[in-house]
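For reference, TrEMBL has these:
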DOMAIN    311-383  domain 'DUF1736'
REPEAT    499-532  repeat 'TPR'
REPEAT    533-566  repeat 'TPR'
REPEAT    601-634  repeat 'TPR'
REPEAT    703-736  repeat 'TPR'
TRANSMEM  39-57  transmembrane segment
TRANSMEM  131-151  transmembrane segment
TRANSMEM  188-208  transmembrane segment
TRANSMEM  220-237  transmembrane segment
TRANSMEM  286-305  transmembrane segment
TRANSMEM  372-391  transmembrane segment
TRANSMEM  403-424  transmembrane segment
TRANSMEM  430-449  transmembrane segment
TRANSMEM  458-476  transmembrane segment
Amino acid sequence: QISNQHNAEALNLEQAFHRMAQTESNLDHDISWFLLPSYWAKMVVALISFLCFANSYDGDFVFDDSEAIINNKDLRAETPLGDLWHHDFWGSKLSSNTSHKSYRPLTVLTFRINYLFAGGFYPVGFHVINIILHCTISVLMVDVFSILLGGLQFSNKGRRLNLAPKTSLVAALLFAVHPVHTECVAGIVGRADLLCALFFLLSFLGYCKAFKENKEGHNFSIFWVLVSVILGAIAMLCKEQGITILGLNAVFDALVINKLNVLELIQKLLHKDKSLENAGLLRKGLLFRITLLMSGGASILYIRWRIMGTGPPAFTEVDNPASFADSLFVRAINYNYYYSLNAWLLLCPWWLCFDWSMGCIPLIKSVSDWRIIALAALWFCLIGLICQALCSEDSHKRRILTLGLGFLIIPFLPASNLFFRVGFVIAERVIYLPSIGYCILFTYGFSLLSKQAKKKKILTVAVLGILMINVMRCALRSSQWRSEEQLFRSALSVCPLNAKVHYNVGKNLADKGNQSAAIKYYREAVRLNPKYVHAMNNLGNILKERNELQEAEELLSLAVQIQPDFAAAWMNLGIVQNSLRRFEEAEQSYWTAIKHRKKYPDCYYNLGRLYADLNRHIDALNAWRNATVLKPEHSLAWNNMIILLDNTGNLAQAEAVGREALELIPNDHSLMFSLANVLGKSQKYKESEALFLKAIKANPNAASYHGNLAVLYHRWGNLDLAKKHYEVSLKLDPMAPGTKENYNLLRRKLEQLQKKGG
């Protein structure tokens, strides 16, 4: 750490800068607002941010949570921790062609900790952590906004001064209650954005600590600059946007610490003026600090690139249609339109949707499209703000506007499609960090209006009204994120042209057993996007179950024609062809599915069923054995092996397979039942009885379990117990095949025994 040797001179300089900052930072003087001590302001922000999202605490796992959490093997204890550093956010290997390259190992690590502490997939703990994170971030925003709006100054004792307590509170409240943050807080996968924001802010505050002994940029702590770089790296390991804090720290250093005039610097560079040192660029320490930041950032990006590999993320046209447009003009126009929509969501966060892809926002293909107005409005506002940020004679105004634009634009750059293709059209979660810039600009605008207004209290009431509306909107939106049904249905009015919305509503209905309603939404999804293979696959499945095999085959055939490597559709097509008794085609479809997904236990299971129907018993057993090797808990495959071996008289082999299966799945009552049947035929009555009774205890309403136990007792000679279980079986299922005949035989035998005994 570089230290100042001239203490007396430093004290005078500090007092002078403190007085200058108080004179210059007059934002608080112009607004009519509550002046609260710092700790009270933070408590108010924490409480209000908690109230906004508290009703999401007991929500379900919804939308992307299924893939990122429930189906993510990286959360399980049996997965080595080291795998997290080689897998993407969804648990896929980064080297895989299907990986989205979203490298967020620290976020996944927090999910894993949540899972371990909860003892399973219980969403409450996940939601509570998200709410706590947002409250913490909102509290930190009070300090961040006090620096961005009021400047960075320290007292004689080294305590940072809050020169804008009112405006920093307004900005922090606006951030805390912004409805666009709901996806990050109420959606568990939003944890990535929350953790990234937390370390992003800590990096910024750490960088500010580097100037605790600063006198106009001459003295600073290298330690805190390096801490800031490390915290930026941690932010990036939570989500990609985190790396942008290093650039923002450099901007803050130039504008606030070194009070650089950007326009003056540009003019001097253009005129090759030799007095650049006076412009602040070469002021002691600035270039060194920027070099540290940029070197650190470059090193972090290089390490990340080495881990991830050079392959680009794998996205499809439906994820981001504009990025696949052939015309550069069409791409540029639509990217800018997306920017304007993101800006509108910050200004008016009323129409919120969990997904904005798949036709939700049709492409602009001509300058005659009226939506061009949105682009013009965006750039008119941006250019106006940039001109004021560069050309205003008020240095304080220049700095606040530049910082506001910097925090608005720079964190958004990774999602802008400028450097690489992203996998979405609009994603509300990526606006979490840019909303900091929006809050700065809004609060500064509020202070300017207050300065001009005669009745400042009216403006204050208006801002309070906006905050109250946002609180209510957050609470409403959080309730919609509590369940998939509410979330998906809420999107129908916002994005009626989005095929994925209709698909998800249909899937939710199908999962609840409402197939008729699900068909309607799946058909609409296919109508809106005739190449939507997942909707075709799911619709084909439902039609298959309803025995509408012809249409099911047409849909599944079209799906695999559009996407030849769609393994699930090939398997389902094979099932339909098997039902249509076109066995050779079914076999070919199954093998095509396995070709595209080599580890596909369900497909091997269905292939085994096909071979069993064709009396190709050895092939059937091999297929089911493959299914159990790939998925040892595949109960149906184990059961079918036992039953086939039993039916073909291979009792010893059936018994061995049954015992092997029960060792792997000891609580599966269907396996107990199948093995009990085999043991009964082998005259191992006692062991068979024990398994039957255990199966009945697990599933007491299965008529076949009681019926077969009755047969065992019948063979064994325990006729009273046989009679009892026959009667229970017939009570549960009066039409049970064979049970009534066996029961009548037993009754006749009992009558004969009674006559003999009489």
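All residue numbers here begin at 1 and follow the chain in the order shown.
Note that Cβ sites are derived from N, Cα and C of the backbone, with glycine treated the same way.
Unlike curated entries, TrEMBL annotations are predicted automatically.
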Helix, strand and coil counts within the repeat 'TPR' (601-634) (DSSP): 27 helix, 0 strand, 7 coil
Long-range Cβ neighbours of the repeat 'TPR' (601-634) (under 8 Å; 6 or more residues past either end): 567, 571, 574-575, 578, 583, 586-587, 590-591, 593-594, 640-641, 644-645, 648, 661, 664-665
Cβ pairs under 8 Å between the transmembrane segment (131-151) and the transmembrane segment (430-449), at least three: yes
Cβ contacts under 8 Å made by the transmembrane segment (220-237) with residues that lie 6+ beyond its boundaries: 1-2, 103-107, 195-200, 202-204, 206-207, 209-214, 243, 245-246, 249, 285, 289, 292-293, 296-297, 300, 304
Helix-strand-coil residue split for the repeat 'TPR' (499-532), DSSP-based: 27 helix, 0 strand, 7 coil
Three-state composition of the repeat 'TPR' (533-566), taking helix and strand from DSSP: 27 helix, 0 strand, 7 coil
Winner by Cβ pairs under 8 Å against the transmembrane segment (39-57), considering only 188-208, 430-449, 458-476: 458-476
Residue counts (helix, strand, coil, in that order) that DSSP gives for the repeat 'TPR' (703-736): 28 helix, 0 strand, 6 coil
For the domain 'DUF1736' (311-383), residues assigned helix / strand / coil by DSSP: 36 helix, 0 strand, 37 coil
Segment confidence, the repeat 'TPR' (499-532), expressed as mean pLDDT: 93
